[in-house]
């Protein structure tokens, strides 16, 4: 299981922007391959995504510098090492970079290598990736958080909240959950058409119409769920990604489509009213990533009612999560491998969350590739929830299809309503 060579290339992500793909070639000839995604709505403390900044090429978004780092320094440092010891490989990658935010080699270069090593190991063992990624956690098939109505930075419309998601918690298993979500997605399209609303899709495959308010978005989803023959609150519940850092300006949160602005306390009351009107079970990034006093209020007021997920707040960083746990901020963390940059550090964040009673939600990015690593990691870690977009665009459905394959291979329970237990 020793590394013969590591090589990288520039490929395109789902938005048509360059990203990096790495091949880890073992002495046996086995090739582990991984590519990395890119976010649009990003936390300020995420690990550094290295771009070329050459305006003459891909509008400055090329990743040839990161590719060269893989082909040169990283290749030289890892040649001859075994992929059996993931922590050692990731430690060497971090030491080689030697910056707090991986800005020297680039988190994209480091992550592509880290994940490709893990995949090479699975191939060497002739085992499915989810099995080799499992570290003793009870594996489950995750509840998909299906982002079928898009706004914010993920869509070119006037909707403030970034993601309106449906969660088929009442399904008996993952394939039925996927079927339920897909049927609702198609019914929603006809509901939108009937009302003369746009049915073009956003970056993550959800519809992105111009509508009058966040409540209207939830009403449209409610109508689609009912018309598809499912029970709102029993079969299907809602989750929101507010991405509030994108709405925060000069001390206030601006809901532009509703012509309203709120301070932290008022926005918490706004959420409380939404929760009393709709079966919302999860709110992600409900406040700005720097508004920690507001987050404490939010957690005190709503933390016993809904899942409060920190994305921009924690950026999959164990150090920042530790601060949040100490201060009683949020009760769940979004897991995005490219926010931290190695598989080992991602695992550390997951373990820290579990050890302190925080939930984990595995997540894609808005700029994705066909790589399905996060589907396997969601199952392996037993996190019970996954965000990987809507029910169209191959970059999104690739992850759902991988989960179907895993479900076929393994007799694993579907997380379902267990995610609601507090």
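Counting begins at 1 with the first residue displayed.
Every residue gets a Cβ built from N, Cα and C, even glycine.
Listed features, source Swiss-Prot:
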ACT_SITE  204  active site, proton donor
ACT_SITE  336  active site, proton acceptor
BINDING   162, 336, 365, 366, 387  (2R)-2-phosphoglycerate binding site
BINDING   241, 284, 311  Mg(2+) binding site
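Note: the Cα of residue 162 ((2R)-2-phosphoglycerate binding site) and the Cα of residue 311 (Mg(2+) binding site) are spaced 13 Å from each other. Listed in sequence order, the recorded positions from 241, 311, 336 having a Cα within 10 Å of the Cα of residue 204 (active site, proton donor) amount to none. Other than the site residues 241, 284, 311, same-chain residues with C-beta atoms no more than 8 angstroms from the centre of those residues' C-beta atoms, the Mg(2+) site, are 162, 163, 240, 242, 243, 283, 285, 309, 312, 334, 363, 387.
Neighbours of residue 336 (active site, proton acceptor) among the binding-site residues 241, 284, 366, defined as a Cα within 10 Å of its Cα, are absent: none qualifies. Of the candidate binding-site residues, 365, 366, 387, the one lying closest to residue 241 (Mg(2+) binding site) when CA atoms are compared is 387. In sequence order, 144, 145, 147, 163, 165, 241, 334, 361, 362, 363, 364 are the residues near residue 387 ((2R)-2-phosphoglycerate binding site), counting only same-chain partners six or more apart with C-beta under 8 A.
The maximal spread of the (2R)-2-phosphoglycerate binding site, taken as the longest Cα to Cα distance among 162, 336, 365, 366, 387, is 17 Å. In this structure the C-alpha atoms belonging to residue 365 ((2R)-2-phosphoglycerate binding site) and residue 311 (Mg(2+) binding site) are separated by 11 Å.
In this structure the C-alpha atoms belonging to residue 284 (Mg(2+) binding site) and residue 366 ((2R)-2-phosphoglycerate binding site) are separated by 15 Å. Look at residue 387 ((2R)-2-phosphoglycerate binding site): DSSP puts it in a strand.
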